[in-house]
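The structure appears below as structure tokens.
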Amino acid sequence: MFKATGFPFHTVALEQVMDLPSSVVAMAPSPSEQPASNYKEAVGHFLQSTSSSRSTPQDEEQTSLPEVPEAHTHFLQQLIGSAKTLTARQDLLNTLRQHLLVHTARTEGYGKVMLGDNCTRLAVKLLTSITLGRGAQLAQDTGFSDARYGDITLVRPMRDYSAKEIAYYNHMFSVASVFTPSLDTKTTDKASIQRLTESFVTKLQEDFPSTVSTIYRTSEKLQTTCRSSAKAEPSDKCLLCVCALDTAVENASAFQATLTSEQLSQTKYPGAAGTEIPRQNPESSAPSGQCCSSGGAEDCGRAERGGGGCCSSAKEPETTDLKSLLCYSCQLTLKDMSSVEHLPQYILSEAQRRQRRSQMREEISEFLLEDGEGGD
Amino acid sequence: MPVLCSGCKEKRAALKRPKTGHSLCKECFFWAFEEEVHRTIVAAKLFKPGETVGIAASGGKDSTVLAHVMKLLNERYSYGLELMLLSVDEGITGYRDDSLETVKRNQQQYELPLKIVSYEELYGWTMDAIVKQVGLKNNCTFCGVFRRQALDRGAIMLKVDKICTGHNADDVAETVLMNVLRGDIARLRRCTAISTVSEGEGVVPRCKPLKYAYEKEIVLYAYFKKLDYFSTECVYSPNAYRGHARTFLKDLESVRPSSIMDVIHSGENLSVRDGVKMPVQGTCNRCGYISSQALCKSCVLLEGLNRGLPKLGIGKHHRLHDKLLSQQPLTEREERKLKSVDF
């Protein structure tokens with residue numbers, strides 16, 4: 001089917017995500033801005049180059065599925081298996097898929113990647129993002145263009161067309177399509193948050209036909225909370241989704257309230273002493289709290305063994321450190337994973353690199369001059 | 001083997017916290033709950049010492065717990081506040097009269113002064129009469145708009161500096177979801193704020209100290225503390241749009257308990273693109289209340305009710321404001337559109 005389109009195509013196996021270089025999660029500098037007048041020239045140039053390369057026969061392209069070492073498949077299965085909830089699994093899969101897309105685009109020399117999200121799917125994605133805590137990244141997840149990777153821009157040209165329109169079009173013009181089952185096909189409504197949101201929107205659409213278009217219009221009016229977006233410092237971006245971090249603990253924010261709850265649930269009621277209020281140190285209580293809450297009903301019994309002894313203490317430093325590099329919703333995904341060892345090497349090495357760099361930064365912080373501070 | 005409380009690690013756990021999943025004994029849970037509300041109040045700087053604060057009390061679980069916790073924290077941490085109860089009577093037989101009895105009992109238990117304002121005396125209409133005219137689909141709009149003004153007027157009569165309402169985390173999350181589904185950008189930005197901006201005559205700033213408390217935890221708290229409250233659904237609410245957002249949120253909570261806080265977190269981090277047209281705050285030309293249009297919503301709704309045009313106020317009606325202000329009669333076509341009511 002791909003051959004029939006006449007475009008050059010690449011088939012990439014998900015297992016290759018294990019081999020990605022760590023530059024995938026780093027933002028590459030974007031190419032210099034071209035003024036609009038050059039657009040026609042650029043189009044003309046592109047048409048010329050493609051017509052010349054079209055002479056290469058399609059048979060030379062990779063027509064069979066790529067070879068995949070079995071160890072990679074095994075690793076991948078372990079990784080997906082380490083995510084305990086379907087929600088986390090789907091989230092992880094999306095992230096890995098996107099990394100792979102970006103990497104392929106970079107190696108093959110493409111500057112833009114077109115995604116086929118339609119209006120209905122984007123409306124569901126918007127609502128899902130809100131429920132997963134990705135409010136700060138909404139504009140990039142559901143907007144027309146997504147420039148978070150710097151040199152590669154992800155665009156969504158199909159976002160104006162609803163799923164029904166596309167289905168009718170394909171039917172009338174005999175456009176071939178294939179249905180690939182995803183992780184949540186044929187699952188119950190409550191299997192994962194993504195599945196729940198999808199069924200909610202579809203049901204609501206039946207009673208209120210304007211639901212999807214209203215949600216779509218809402219997504220057009222949103223933007224990212226621009227907080228230090230000008231800085232190119234990679235440590236300000238989330239490790240997994242490469243969006244700006246939204247975990248600054250501000251006063252009276254939901255995030256602060258969550259940390260407070262975690263901490264208070266593990267401190268003793270002061271009793272007669274009364275006024276002594278324990279110091280808030282989320283770092284030490286966060287890992288054990290994380291273990292307790294991810295365990296579920298059966299595992300809460302572990303609490304009796306003491307706050308810090310829930311899971312092996314060797315894992316504590318790793319999990320804590322990764323958390324500080326992630327945005328709010330990626331932290332939630334990480335919480336649902338039983339261990340971080342199965343993450344592909346490129347993610348772990350990039351995490352270590354960032355930690356080393358932030359340690360360096362701390363050591364010399366008193367000597368650094370911030371932009372815009374002090375004299376000219 | 002019995003599960004030990006994860007707070008004091010001595011006593012047997014009596015409950016599991018819906019918010020974090022920890023098992024706690026009663027005292028540790030009370031402590032955690034009250035302390036969280038206290039930290040919310042302190043972090044958001046909701047009150048200043050010496051202020052008079054009106055607690056919007058409906059007799060339901062949220063406002064009962066709010067009254068209890070506010071009184072407790074006021075004494076424990078010496079906020080220096082003077083507390084009062086404020087209640088609104090919408091005139092819904094069978095629902096509101098019973099809950100008002102609960103509020104009166106609360107007043108005696110907590111020894112706080114109480115003031116009741118009713119729709120009948122403020123507007124000349126009870127909710128029962130409104131529903132007879134409007135039908136069952138849009139009545140929540142009337143009730144909500146009227147209640148807001150009623151609270152403000154009651155607060156001015158009581159001479160309070162601030163109002164605090166019992167909105168909990170579930171309410172705020174539902175509002176965020178509802179505003180996204182309805183495409184209400186202006187409200188989307190404001191609805192996660194913990195306290196409203198206090199500008200204009202006749203407007204008392206209001207805040208939500210229980211903003212980060214889950215509804216289930218409020219019920220647990222009230223249950224274990226044996227607080228007395230009234231727990232029935234409003235008879236007119238089943239067809240409200242909010243019901244859809246509520247069932248969705250409840251399902252979300254069952255899949256992942258932290259979803260409620262996640263939604264609030266998303267709502268707080270949303271921002272609107274520059275260049276999107278937003279409403280500007282002004283005053284109503286007729287009654288002087290704050291409004292973003294020429295006439296405030298309650299004036300428009302009342303006008304519709306008094307004239308027998310129940311749909312005036314539901315849907316877009318900006319163009320009719322000038323006509324209403326200058327007392328011109330509406331054309332026949334406009335009247336016909338506004339009269340049709342679907343039950």
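The backbone N, Cα and C atoms fix where each Cβ goes, glycine too.
If you draw a 10 Å sphere around the CB of B:ASP171 (ATP binding site), it holds 21 other CB atoms from the protein chains shown. Under the heading ATP binding site, TrEMBL lists B:ALA56, B:ALA57, B:SER58, B:ASP62, B:VAL88, B:GLY166, B:ASP171.
Positions annotated as domain 'tRNA(Ile)-lysidine/2-thiocytidine synthase N-terminal' by TrEMBL: B:53-234.
According to TrEMBL, the feature domain 'Cytoplasmic tRNA 2-thiolation protein 1 C-terminal' maps to B:282-312.
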Whole-number mean of pLDDT values that fall within the domain 'Cytoplasmic tRNA 2-thiolation protein 1 C-terminal' (B:282-312): 79
Count of other CB atoms lying within 10 Å of the CB belonging to B:VAL88 (ATP binding site): 26
Packing count at B:ASP62 (ATP binding site) (other Cβ atoms within 10 Å of its Cβ): 24
Helix, strand and coil counts within the domain 'Cytoplasmic tRNA 2-thiolation protein 1 C-terminal' (B:282-312) (DSSP): 11 helix, 4 strand, 16 coil
